[in-house]
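Chemist: Okay, so Swiss-Prot annotates it like this:
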SIGNAL    1-32  signal peptide
DOMAIN    33-77  domain 'EGF-like'
DISULFID  CYS37-CYS52  disulfide bond
DISULFID  CYS46-CYS65  disulfide bond
DISULFID  CYS67-CYS76  disulfide bond
Amino acid sequence: MKNNYNRINTFIVYLMVTFSLISIISITECTPNHDPCPPQYAEALCLNGGTCFSVTIMGSDNYNCICAPGFRGWRCQEKDLDHPVNQ
């Protein structure tokens, strides 16, 4: 019986994490008016010409990057080989 409770608790935590990630993705992709990051984050967080923005979710500030063309990743740290920039 205890094993079933552990499985249920694990499943509930999994659902909560999944819902949180979906919420962040939906908000960052669908909300055109993002707040700019504070200067100390804007200068350090996004790489390769990415633009830092913040979104407040459930009272917590979340900092993300909008990558310049040709880059991807949470901090725009990876070259996007699927969408290279013409040089």
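Cβ coordinates come from backbone N, Cα and C, glycine included.
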Chemist: Calculate the distance in Å between the alpha carbons (Cα) of CYS37 (disulfide bond) and CYS67 (disulfide bond), and round it to a whole number.
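Modeler: CYS67 (disulfide bond) has its Cα 14 Å from the Cα of CYS37 (disulfide bond).
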Chemist: Using other CB atoms within 10 angstroms as the count, which residue among the disulfide-bonded residues CYS46, CYS52 scores least?
Modeler: CYS52
Chemist: Other than its own, how many Cβ atoms are within 10 Å of the Cβ belonging to CYS67 (disulfide bond)?
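Modeler: Here the count is 22.
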Chemist: Identify, in sequence order, the residues in the chain of CYS65 (disulfide bond) that are 6 or more apart from it along the sequence and have a CB within less than 8 Å of its CB; answer 'none' if there are none.
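Modeler: The list for CYS65 (disulfide bond) reads LEU45, CYS46, LEU47, GLY50, THR51, CYS52, PHE53, TRP74, ARG75, CYS76, given in order along the sequence.
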Chemist: Hey, what's the Cβ neighbour count for CYS37 (disulfide bond) at 10 Å?
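Modeler: That number is 20.
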Chemist: Let's check the environment of CYS76 (disulfide bond): how many other CB atoms sit within 10 Å of its CB?
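Modeler: Its Cβ has 22 other Cβ atoms within 10 Å.
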